[in-house]
Amino acid sequence: SLPSLLTRLEQMPDYSIFRGYIIHYNLASAIESADAYTVFVPNNEAIENYIREKKATSLKEDILRYHVVLGEKLLKNDLHNGMHRETMLGFSYLLAFFLRNDQLYVNEAPINYTNVATDKGVIHGLEKVLEIQKNRCDNNDTIIVRGECGKCSQQAPCPLETKPLRETRKCIYSIYFMGKRSVFIGCQPQCVRTIITRACCAGFFGPQCQACPGRGQNVCSGNGFCLDGVNGTGTCQCGLGFNGTACETCTEGKYGIHCDQACSCVHGRCSQGPLGDGSCDCDVGWRGVKCDMEITTDNCNGTCHTSANCLLDPDGKASCKCAAGFRGNGTVCTAINACETSNGGCSTKADCKRTTPGNRVCVCKAGYTGDGIVCLEINPCLENHGGCDRNAECTQTGPNQAVCNCLPKYTGDGKVCSLINVCLTNNGGCSPFAFCNYTEQDQRICTCKPDYTGDGIVCRGSIYGELPKNPSTSQYFFQLQEHAVRELAGPGPFTVFAPLSSSFNHEPRIKDWDQQGLMSQVLRYHVVGCQQLLLDNLKVTTSATTLQGEPVSISVSQDTVFINNEAKVLSSDIISTNGVIHVIDKLLSPKNLLITPKDALGRVLQNLTTVAANHGYTKFSKLIQDSGLLSVITDSIHTPVTVFWPTDKALEALPPEQQDFLFNQDNKDKLKSYLKFHVIRDSKALASDLPRSASWKTLQGSELSVRCGTGSDIGELFLNEQMCRFIHRGLLFDVGVAYGIDCLLMNPTLGGRCDTFTTFDIPGECGSCIFTPKCPLKSKPKGVKKKCIYNPLPFRRNVEGCQNLCTVVIQTPRCCHGYFMPDCQACPGGPDTPCNNRGMCRDLYTPMGQCLCHTGFNGTACELCWHGRFGPDCQPRSCSEHGQCDEGITGSGECLCETGWTAASCDTPTAVFAVCTPACSVHATCTENNTCVCNLNYEGDGITCTVVDFCKQNNGGCAKVAKCSQKGTQVSCSCKKGYKGDGYSCIEIDPCADGVNGGCHEHATCRMTGPGKHKCECKSHYVGDGVDCEPEQLPLDRCLQDNGQCHPDASCADLYFQDTTVGVFHLRSPLGQYKLTFDKAKEACAKEAATIATYNQLSYAQKAKYHLCSAGWLESGRVAYPTTYASQKCGANVVGIVDYGSRANKSEMWDVFCYRMKDVNCTCKAGYVGDGFSCSGNLLQVLMSFPSLTNFLTEVLAFSKSSARGQAFLKHLTDLSIRGTLFVPQNSGLPGNKSLSGRDIEHHLTNVNVSFYNDLVNGTFLRTMLGSQLLITFSQDQLHQETRFVDGRSILQWDIIAANGILHIISEPLRAPPTAATAAHSGLGTGIFCAVVLVTGAIALAAYSYFRLKQRTTGFQRFDQKRTLMSWLLASSSPRISQTLCMRPQRRHPQSPPVTPSQTLENRIWRTATLWGHCGPDMRSQQATTVTVPR
């Protein structure tokens, strides 16, 4: 690193005096505190000369400050001609830079030594001390502004471009928390804003404050005043009698120091001006003091020159005197050259031009202006800013010469300047985790990136990401990592009380907690879920429940917050994207820690019933067992499970009749439904996960929800709208986790849902038979592999491989008998008596719910009889045309005869015609006993009969939710709004069952909220009003956890969230519905890392109740859409796949159905091949990953150390540009006491091509690296099982893919063919020694590989400094080999055969050997110094 300022100056002895003054005035710290600086340092000689000339004793501090520019590191190339910069002395003291004859100057001092770098700045050497130039008198005004009101402990920031003062004001602020507004006394910062008004000192003018004209230090020669100031022109306004550019002379005809005396010469030349005395030199022919007397007599008798006058002195003596403008003795006169001496009194920047004898005119030279006596350089900057950009400074550099330099924060040539985008340098001062957005107003806006929060200057990520950044909380983070507590990586919000790192050293119980597996509970006890509690929130909160389940108390003493009355909050409000961190001074200890017995691999040993009995849930456990549900819950197709257990106390508190119902064996089916509602399948949910989802589907089929507590229940969890409270958390058993609750869950639709579980098989991805790819997400391996074709390498296509057969379990929504439609409404007549037991309900999972009535019945609920039928059984009864039947369900079947007719059916005339007096009503019948009886549906005395008002009697037989109306004797019933039916039986209309999701978005759930009413709610990971739903930004990159389950040597990319059903999802063009051609559809799926779904894949989704009324493309140009229930609006009541068939015109416009069974995209890194979930390196790396091949590996590495051919062989295994096939003997076929020659080893590699197992044809030969050939043969056993051999060695495992070839495992090593006899090698002793070391190293390698790899699945692991046994093999001339061997070995695939090591570690005696090599200086962290090898 570069030295500091003082250190660098110490290395420059010629500049030591200036360094001494910096120390004397203590300026180094002030200079070094700036982000950057530039110092102009005069050498020792220059300082000594300056002090001597000024007769001073030392340099003043102001002079040193005048040599320093802060905030910029100005290299020589940055010092532009005409540029100005403020100095450390103040903004009014500027340095100017000029380039003259290729020499760079600062002010008037040449820069002779440049670009001496320091850690933060640069030094330039000078040959002259800079004299302070004070030509600016800028005004520095300040105004006081107030910041925002906030907590006094965390002062609110001042507004932009202001600085805080020490003084603060008391203020009041409020916080709305948990439904209540709290008021606090806070502090408001006083901030100062500095406003600089540029101004020139008196006597200076223009933008750069140049000096006004004048002689010496006198402005306008002291004879006038200057038009000065920033906007001044520098023109002198002369006083009375004065004239000239600098008021340096008198007006014509005036003389004297005040130019107030007038000349009186009439015919002569006056001695005028400030230095004149007013005397007259007379012209030819005139004489006298005023030259007003004409000479008429020549007293000199013609002896005078023609340009002379003959004058008489007082004595009367005549003499000749040259006239004005001439000089001589009078007899000889010559014209005076006024320009002859001192340029005629003109300026040195003027030309003196003779006019008449003795006279001249002064004309300023080109580039200058003035009266000739005073000539000033023309400043082009004063007119039109010298042609410079308005954001540039124009600096005069010579007569009528100027340069343009863009102002700070601007760039360009000065003629055109544009704002510098500050965001391009150091991200504009924004956080590295922020976007810097540049505005045209020379401002930048810092905005934190997604997944970060803050003001843009400081941006923080998740709590899990922020904890390790702070040393005081890093130990808490490492404990979270070590004990797999990953909740804080989730979306939150959380409140974390992070103990100081040092507090872990002061807690003696940590060791016991760790050994008993309790540490994760202790760590969770420091986290409150569901709420982000800032310091002000804590001050008004008394307790909060932690993720561990126990509460912590919160108290305030002397304005300090304490947790559990013991841990002090040291720092607070470290806000992150998913919550807030408060640092506390000690570790918190929960009171109730649950010990969970586990085996050596960390698996929970106790089953559900044991754990339930241990924690007070025996009654619910017994119900599960008695109902036969235990085997269902523990079935592998459902595990892992999350169970909500009502306590024994909660079940005992149920009403007796409900307890009788639960424990009655006759109600086992209903009991199962209750119990299933307490189980979530295929999920082992953490407490923090439960509130994140809007709902959780239960094993019973209905949904339940978990919500966070409100009010005083901070951190508490409740089920189903706070019906049940969580009282125990994280009760682990062998196949899941349980949560204790304080009540039995009751669902409004309970009894109506009878979901079924459908399983079907899907093929997994095709890959190597050794490392067969995992099953897709949400599916499980069935334990069966199928042959398939795949493309493992970029240089090879269509290789036979294997794929897992994977089982997908679908929970199929289904209604119980007597219920129908998606929400399982009861059939007409009720679930217990559907269709009143007089018909069959079209129930289960259909939207119909219609009753198919038995013969004789009709009506919505089969509640009516056919015409002519009566009674509960609607039996037929026939009255003649002369009678009226009392029919219907409640009718008696009796026939009421007309007058004159009788008998049961009114088909017999009466013997005597009845006569009634008075006459009967027209609505009555005169009976045989001469009595009037009102007809059916009428009432009265027979004489007067009125129609019965049936609507007043039991609503006329109509349903309660129907309107009864009557016209005459006819009653009509009509269901009210929101209901449907015949009026006698009405059922609720479910708008969600219209076939088009109730008008909700396809990514929304339609929920019936009442008869004919519904609500649209966007699904998880979508936002909107339900009618329109857009994907929300995922709260967390799924690649951040365990690399998204990708291989360590793969790159993980989080895919855009899609609402999939068994991998199928629907895509629509941004342009709207049905805007995709077949080709565009394929592109749209590809952008989502998906493929176009096949017909079978869409069928699987339909089985999983995927219903979407929108047709889309399928593979092969087919178009279809799925329906799961009959609807006239969607598919014309077709249930299944509505198939439009394969389209001949692929340019038709449809939507598309895509297929993707993964959430992340895994891609093997450069130099690796695979599907991303499994990645293979080069042949050597793959060889190193197999513990069963370590003996051959040892031979290869020893060969590489022994000869150049060995190094070449190793290079073949690591060079990705060279491909080959490697046959490797397993350890059992190559015991440690046997060895291979170099030729033998080369005989195992074919470097001509890559030969897969199916490429090995019976009777063919393969050429090896040695140049020899290998014979391929086949054989079959009695069961016709084929075995392939290479030179008689059976191939045991094959097609193990590497990035540069393929590997086959064989039973025994191959032996190279013999060669001609060779001379014995010399150096036998040395060879033996090397052999001993190599053999022992090989044994060590085998042991190490077994020990290392038996504990974990394969994957390239970095060698540990303390544990690596390989580094002794790494000394090689090939950088590629060293690089390869220093890489981590590949992780062994879980489905690889078990490893049987040839020897065990326990029987080894170890010793230490010195390393032969290392992994290079760039791999020091992986390098070892010693290696242990067995004797």
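A Cβ is built for glycine as well, from the same backbone N, Cα and C atoms used for every other residue.
Bear in mind that the values here come from a model prediction, so they are computed numbers and not experimental data.
Checking Swiss-Prot for region 'Interaction with TMSB4X' across the ranges 477-487, 642-652, 1368-1378 points to 1368-1378. Cross-referencing Cys973, Cys975 with Swiss-Prot gives Cys975 as the cysteine bonded to Cys986, criterion being a recorded disulfide. Here Cys320 is paired by Swiss-Prot through a disulfide bond, and of Cys304, Cys339, Cys346 its partner is Cys304. Across the domain 'EGF-like 6' (988-1030), DSSP helix (H, G, I), strand (E, B) and coil residues number 6 helix, 19 strand, 18 coil.
Taking only the Cα positions, the spacing between Cys310 (disulfide bond) and Cys897 (disulfide bond) is 180 angstrom. Here the Cβ of Cys300 (disulfide bond) has 18 other Cβ atoms within 10 Å, regardless of which shown protein chain they belong to. Residues of the same chain lying 6 or more positions beyond the ends of the domain 'EGF-like 5' (947-987) and with a Cβ under 8 Å from any Cβ of it are 825-826, 828-829, 849, 859-861, 863-864, 890, 923, 936-939, 1010-1013.
According to DSSP, Cys300 (disulfide bond) sits in a coil region rather than a helix or strand. Residue counts for the domain 'EGF-like 5' (947-987) under DSSP, split into helix (H, G, I), strand (E, B) and coil, are 7 helix, 18 strand, 16 coil. Between the candidate disulfide-bonded residues, Cys212, Cys238, Cys270, Cys310, Cys1130, the densest Cβ environment within 10 Å is the one around Cys212. Taking the C-alpha positions, the distance from Cys352 (disulfide bond) to Asn329 (N-linked glycosylation site) comes to 27 Å. For the domain 'Link' (1063-1156), the DSSP counts in helix, strand and coil order read 22 helix, 33 strand, 39 coil. In this view, the densest Cβ surroundings among the disulfide-bonded residues Cys247, Cys841, Cys958 belong to Cys247, judged by other Cβ atoms lying within 10 Å. When the alpha carbons of Cys1109 (disulfide bond) and Cys841 (disulfide bond) are compared, the span between them is 26 angstrom. A distance of 147 Å separates the Cα atom of Cys906 (disulfide bond) from that of Cys247 (disulfide bond). Between the alpha carbons (Cα) of Asn140 (N-linked glycosylation site) and Asn929 (N-linked glycosylation site) lies a span of roughly 126 Å.
Reduced to three states, the DSSP call for Asn329 (N-linked glycosylation site) is coil.
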